[in-house]
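Since the structure comes first, as structure tokens, the remarks are kept for the end.
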């Protein structure tokens, strides 16, 4: 029997597919739709210290090759999501989940994570170091010194399972530098990647979205080669205890297969989930299993990270 079961940290999942933070995860109702689908788990909207309305609309647009957005981290506040995942866990009948959070300053991040430490929640936390769409706030993980200092401080008080959502890197030296930092800490996972920041899509002489004069994060087909490169680069550089979640350009079982081939333990779906809804997980799971059967693979470990190079 072909299995797409996987593991992140000490958490086991019966499938390897889930939503990407930002899609189908704003409300409890949306999260429960993902929960009831064939997705392995869900990740919440990235929760900030306070409720955020996000950027002015229109702030999202589908395009021929994917999507562009400048949402600006709209969310119901981290406590809304923390209370929800904590309550779900208490029922004992639900999947392990991911709680996505970030502060708009190091002090806010510390306040949020200390609140999670003091809570009953024992699941996975994804710290978003890579949102490109908050005006005046840089993507933290592009500043290696700040990232190192932030993680060093976090792990003086935070002992629950924690991973980080990364922006795309484009330089081999940056892969080396980032991995050297991440390997210093007891991270459960890294998520590669968030959208490619500050793209521009034009239609009939006009930008598609309002914030930042049309500049926004690019997702979908545009990002898949970059996402695969980041997944594989970090798979080769990170210690085995740090699992990799692959995100970017996944709309078919073949796309998911390639992420796993590059080293991903789980795969997140964003743009196409927004377009098709949670039924996407059943289709992509079926397509992935078909590929595995054709190639003679019984489980993800049979091919994870086994990308072949040209001689």
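Cβ atoms are placed via backbone N, Cα and C, with glycine included.
Site annotation (Swiss-Prot): substrate is bound by 45, 69, 70, 71, 72, 73, 194, 195, and the candidate from 128, 153 recorded at this site is 128. Among the record's FMN binders, 45, 46, 128, 165, 193, 220, 248, 249, 270, 271, no two C-alpha atoms are more than 20 Å apart, and one pair sits at exactly that spread. Ranking the binding-site residues 70, 128, 195 by the number of CB atoms within 10 A of their own CB puts 195 at the top.
For the recorded positions 131, 193, 248, 270, a Cα-Cα cutoff of 10 angstroms around residue 72 (substrate binding site) retains 131. Residue pair residue 70 (substrate binding site) / residue 248 (FMN binding site) shows a Cα separation of 16 Å. With all protein chains in the displayed structure included, the most crowded Cβ environment within 10 Å among the binding-site residues 72, 248, 270 is that of 248.
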